[in-house]
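Beneath this line is the structure, given in structure tokens, with notes to follow.
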Amino acid sequence: MNPVSLSQLQFAVTTVYHFFFVPLTLGLSVLVAIMETLYVRTGSEVYKRMVKFWGKLFIINFAMGVVTGIVQEFQFGMNWADYSRFVGDIFGAPLAIEALLAFFLESTFLGIWIFGWEKLSKKAHLAAIWLVAIGSNLSALWILIANSFMQSPVGFTVENGRAVMNDFGALVFNPYVWLQFPHTVLSGFTTAAFFVMGISVYHLLRRKEEGVFSRSFRLASIFGAVSILLVIFVGHSQAQRMVQVQPMKMAAAEALWESADPAPFSLFSAIDQAGGRNVVDIRIPRVLSLLSYNRLDGEVRGILDLQAEYEAKYGPGYYVPSVFMAYWTFRVMVGAGFLMFFLAAYALYWVMRKRPLGEVKFLGVFGLAMALPYLANTAGWLLTEMGRQPWVVYGYMKTADAVSPTLTAGMVLTSLIGFTLVYAVLMAADVYLLAKYAKAGPAPEVKKQHPVKEEAYWE
Amino acid sequence: MDLNTLWFILIAVLYIGYFVLEGFDFGVGILMPFLAKDDRRRRMIINTIGPHWDGNEVWLLTAGGATFAAFPGWYASLFSGFYLPLFLILIALIFRGVAFEFRSKDENPRWRSFWDWAIFAGSLVPALLWGVAFANFVRGVPIDAAQNYVGGFWNLLNPFALLGGLVSLLGFILHGAIFLTLKTEGELADKARKAAWRVWPFSLAVLVAYTAAAYFATDILTKLGINPGPVPIGAVLALAAAGWFIRQKMDGWAFVMTAITVVFSMATIFMSLFPRVMVSSLGADLSLTVYNTASSPYTLTVMSIVALIFVPVVLIYQGWSYWVFRKRVTTKTELEY
């Protein structure tokens, strides 16, 4: 093992782990904000209890996202110093803006929201959770602006071996961002919707707290159905963009070795990467062209052609990512996505019929379905990042050239093992707490307490 | 003033803000197991910083992000060079942040004592290591012509840097103890004041020793002169005055004094660095500066506009959050953590 592959592994471990928590934060912040809006509008206690219940789970999850996010910001410099030197001029800006615009907003107002129930007016408290939701989703925007630069670099020139920003507008309005951002945020909304539906079903099946949980389920089913539908539409546009800007990633995701017009869609391919072919290859004619161009023909370039083209363009080297990973992560993501779409439609169908949810068949399946968004989110990022290899900045810098020159394998191994162990302990604690509070259900209604007399230091 | 200088100042302000704010919540975390043996009081102590610790920590994230954006060369060399200390700081901050959130969400005493340890150690390690890191910036570390740090981990733990670590550690403990006197009442506030009084002489002694050592270990003499000017002297005087205010139970003034100490001593470090950002011990021309690590003028301009608009906004709402939670935490307060 060398510092490059160890650092890659560490980046993968810490990023995938971080992204276990982020999507739920993105969506649940909005759902809790909607619930609190309903509470403030109607004054109905049941909504307040919903806010408190889901808010507690939100906070437990949020903490994990925050602390693992610090690692993300630091490790560009720690492990990828030459990358940071190469792109810092353009990549550092969105990261700094993310901290200034988004992190301050979400952290400060989350503190206000958690501790401010008795200290703020209802409306001010409601504003706090909306600012948390806006802050979280803004942070997704800026980090995806940074990531999109790696996928589809724009707004810069290369001077003296460094990428130098010359168009901030181009960076922010990179067309890649404006597909990746809605896709990610809506996936987060979907994650939260399935989270809420799954936990609600647990209680509905036990006929407990039906007021809280049937309302939660209804709200989440609408939120989820709209979100997943949009995720699929945006995902389709993303795939079409990928054919244009990262044809190699698309070819790998389809295990398409030879260019084809019209191009067939793979149903099942057993991949032999070393041999540059598929041992088994079952395909549906024309469907990949249809997906790529919305018509029944059109060339989709194959891995071997692209490899030859890149060798001519960038010099000798192997420009093919792991086809196995690209192919299967693509299928897991899309498969889980469609499964979620059907489940959300099924839930919405019953919600629309206004029947008591306890009578719905197969309600228990929503408990299992909580895993689907996590599967899809993880697979999606693995596809995005591993499918870009060997590049760290597509077409400009290879991952192997990005690592910190002073790193030793021992150093990375130390931190990799350290992070992995700590993350394992925290995952156990987090899942324990989430399960505990999810099963316990909402806290009983409390009678209004006497206001506590407190004084400031100078009073 | 050019943009490079502006960004040097801005990053200095971000780090100073971070140390003033997170400084006291580090101190509170370190003192918590000593000032309170029973669960209720421990929770009260944690709740004094409950609404704020996360917002305070964002000052560090913003400082890191700003360093990356404005001086990528500094960011790359510093973060890759100080790899293992930063790894330890990250582990500490991870445990600490989660601990605040998780600790009181389960009744099991073993669960709570585990997270109490995490809060203690997670506050202690960064409080110590940040001082070590900044002492090394001014003392100088081996940086080669490619701007890479070429020393090892143990290089960073030289006596001068360790003294710097003690300065930040004791300073933050003192700062945190005084913060607790402002945010708690009765017996707990008295205990916190007593702790402040006990820590104060040691804190002052190491700061004086560190300042004296700086004349031998760094080039502060040529940079600032034999009379270093009002800022470093002000740092020491403010810390001396803090003791007097603690004794007089003028806790508010004592807190102002320790805050001034943090601001002025950090400012001294940045003043003695400028225009360098990290001193190379391998040759004066190898030091990293605001010019040889900087982003392009275009990027600095864009970032200046963003900062000019949003830094005041952040200051306003974060200041407001301190106003919302200005009251003392009492035995009757409903505790969220």
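Going from the start of the chain as shown, residues are counted 1 onward.
Using the three backbone atoms N, Cα and C, a Cβ is placed for every residue, glycine included.
The following features are taken from TrEMBL:
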TRANSMEM  A:20-41  transmembrane segment
TRANSMEM  A:53-71  transmembrane segment
TRANSMEM  A:91-115  transmembrane segment
TRANSMEM  A:127-145  transmembrane segment
TRANSMEM  A:185-205  transmembrane segment
TRANSMEM  A:217-239  transmembrane segment
TRANSMEM  A:328-350  transmembrane segment
TRANSMEM  A:362-383  transmembrane segment
TRANSMEM  A:403-426  transmembrane segment
Check the transmembrane segment (A:185-205) against the transmembrane segment (A:20-41) for contact, please; criterion is three or more CB pairs under 8 Å, pairs 6 or more apart in sequence.
yes
Any chance the transmembrane segment (A:127-145) and the transmembrane segment (A:20-41) have 3 or more Cβ pairs under 8 A, given the pairs are 6 or more apart in sequence?
yes
How about long-range neighbours of the transmembrane segment (A:403-426): same chain, 6 or more residues beyond its ends, C-beta under 8 Å?
1-4, 6-7, 9-10, 13-14, 17, 64, 68, 71, 78-83
Do we see three or more Cβ pairs under 8 Å linking the transmembrane segment (A:362-383) and the transmembrane segment (A:91-115), pairs being at least 6 apart in sequence?
no
Leading stretch by Cβ pairs under 8 Å, where the reference is the transmembrane segment (A:20-41) and the options are A:91-115, A:217-239, A:328-350:
A:217-239
